[in-house]
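Chemist: Sharing a structure, written as structure tokens. Questions coming.
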Amino acid sequence: MEKIRTRFAPSPTGFLHIGNFRTALFAYLIARAEHGTLALRIEDTDEKRYVGEAEEALFRILDWSGLKFDEGPGIGGEYGPYVQSQRQAIYDKYRDEILAKGGAYHCFCSPERLEKMRAEQQANKQAPRYDRHCRDLYPEEVEERIKAGEKYVIRQKMPLDGEVVAHDELRGDIKFQASELEDHVLIKSSGMPTYQFAVVVDDHLMEITHVVRGEDWIPSFPKNILLYKSFGWDVPKFVHPPLILNKGGGKLSKRQGDVAVEDYRDKGYLTEALINFCALLGWHPKGDNEILTLKELEETFDYKNIGTSPAVFDIDKLDYFNGYYIRQKPLGELVELCRPFLEKNLALTDNPRKQSKDFITKVVELEQERLKKLSEIGELTRFFFVDKLDAAKVLLLLPWKKLTAEQARENLKLIVGLMEKIPEVNWTNDSLEEGIMDYLKKNELRVGEYLWPMRVALTGEKASPGPFDVAEVLGKAESLERIKALTI
Ligand code: GLU
């Protein structure tokens, strides 16, 4: 059986697009499903787009994502270098080869001429396309003009008529009319290759068997196929996962903050959730169970089941997965993941007890069940860390149904009495519940009229974990202090 080799080939643009992450995941899963190899290749030949620090940022976010590459920059491998800007000598060699094979030609057209040509095409309502002005220059003329120092690009020599058939693993044969294809640039005047040239040379030399890239690359597909043919190389398999649209049917947009994987990380999504969610963008497992870890995906993923209709990005589903994976996390790990989101709360207090790992762990444990995003932990648990609650806010929340603030404060006196009876050593959620609930039931008192004000007095919040849980974590002294502040 053929040994599968896939690659992820991002351009360092400053952030990792969620759609590209999905592509990376599919490339990873295709490789893993067959014990193949996944390479990381940095496509940084677009000088205009290339942002210096972006490469570092890319490595950081890929590292965070948990996808492991077998080959790539900093990892090694037999097919390097894995950064396109370090492969110039290779591109030069294959530039000469494609010229010799007649698959490409020199074009000396100046930017001004091209501009004028485009303007005329526009005025005549023609598609903007290079008019092949330099396609048939005599070799002697080409040589002379190069010697004279004229600037040039190298263009791909496209067929003038007929059809180009490109085979996509998901869509079958896709037909393109040659008349629609432009003699586009393969090598820029700087000598650097364009994507269209570098991608074919690199995928061939790196022996990639399955090229996985987004559907938006289908327009490049015939150009790539023709280039493989001109070189006389075998064409790898191509897999173009479908577009990802938002719920409204539009493109995901950077402005709406929904494209960068970094944003999802910073909002407190877990990699497990993001991986599970992205795997289902265009692919579906055979059974009904959609909760799949990376390991389970590796075992079940079959790229033949990737669909071709656009995938819908449903953030509620991502939240659901995130909540699920947060609940599954071992508490110790969850505490560490939450820590950066608790920094602001920790800065609210100098109380060493509240700075301790033990306290933070108890706080996180109380929220684990209902946490959807790690970033919510700060807001949700602020009340634990403040030394004093906002008295006005607490007062405002005290009334409950028919219970007035005045009566609530009376009821709290009773609660204080019951709490004081519980010894410090026995200060647990269970004994608090037992001590308070037994009394309320025995005396046929309305439970809510005591527990609501108790909870509000302890938290100053409309919604929070139950009062006994909160009291246990706050400890006897601080719980009594908070409630007593309302009974004086
Ligand atoms: N560098 C291209 C991008 O970032 C990669 C396309 C491909 O995978 O061939 O979109």
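Our numbering is plain: 1 for the first residue shown, then up by one each step along the chain.
Every residue gets a Cβ built from N, Cα and C, even glycine.
Note that TrEMBL annotation is computational and uncurated.
Features from TrEMBL:
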{"type": "DOMAIN", "residues": "3-319", "note": "domain 'Glutamyl/glutaminyl-tRNA synthetase class Ib catalytic'"}
{"type": "MOTIF", "residues": "10-20", "note": "motif ''HIGH' region'"}
{"type": "BINDING", "residues": "Cys107, Cys109, Cys134, Asp136", "note": "Zn(2+) binding site"}
{"type": "MOTIF", "residues": "251-255", "note": "motif ''KMSKS' region'"}
{"type": "BINDING", "residues": "Lys254", "note": "ATP binding site"}
{"type": "DOMAIN", "residues": "333-485", "note": "domain 'Aminoacyl-tRNA synthetase class I anticodon-binding'"}
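Quick one: where do these features end up spatially?
Modeler: Within the motif ''HIGH' region' (10-20), the DSSP-based counts of helix, strand and coil residues read 3 helix, 1 strand, 7 coil.
Listed in sequence order, Tyr130, His133, Cys134, Arg135, Tyr152, Val153, Ile154, Arg155, Asp183, Val185 are the same-chain residues six or more apart from Cys107 (Zn(2+) binding site) with CB atoms under 8 A from its CB. Cys107 (Zn(2+) binding site) carries a strand DSSP state (E or B).
For the motif ''KMSKS' region' (251-255), the model gives a mean pLDDT of 80.
Sequence-distant contacts of Lys254 (ATP binding site), defined by Cβ-Cβ distance under 8 angstroms and a gap of at least six in the same chain, are Ala260. According to DSSP, Lys254 (ATP binding site) is assigned to coil rather than to any helix or strand.
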Chemist: For the Zn(2+) site given as Cys107, Cys109, Cys134, Asp136, which other residues of the same chain have their Cβ within 8 Å of the site's Cβ centre?
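Modeler: Other same-chain residues with Cβ inside the cutoff are Tyr105, His106, Phe108, Arg132, His133, Arg135, Leu137, Arg155.
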Chemist: Within 10 Å of the Cβ of Cys109 (Zn(2+) binding site), how many other Cβ atoms are there?
Modeler: 18
Chemist: How many other Cβ atoms sit within 10 Å of the Cβ of Asp136 (Zn(2+) binding site)?
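Modeler: Result for Asp136 (Zn(2+) binding site): 8 other Cβ atoms within 10 Å.
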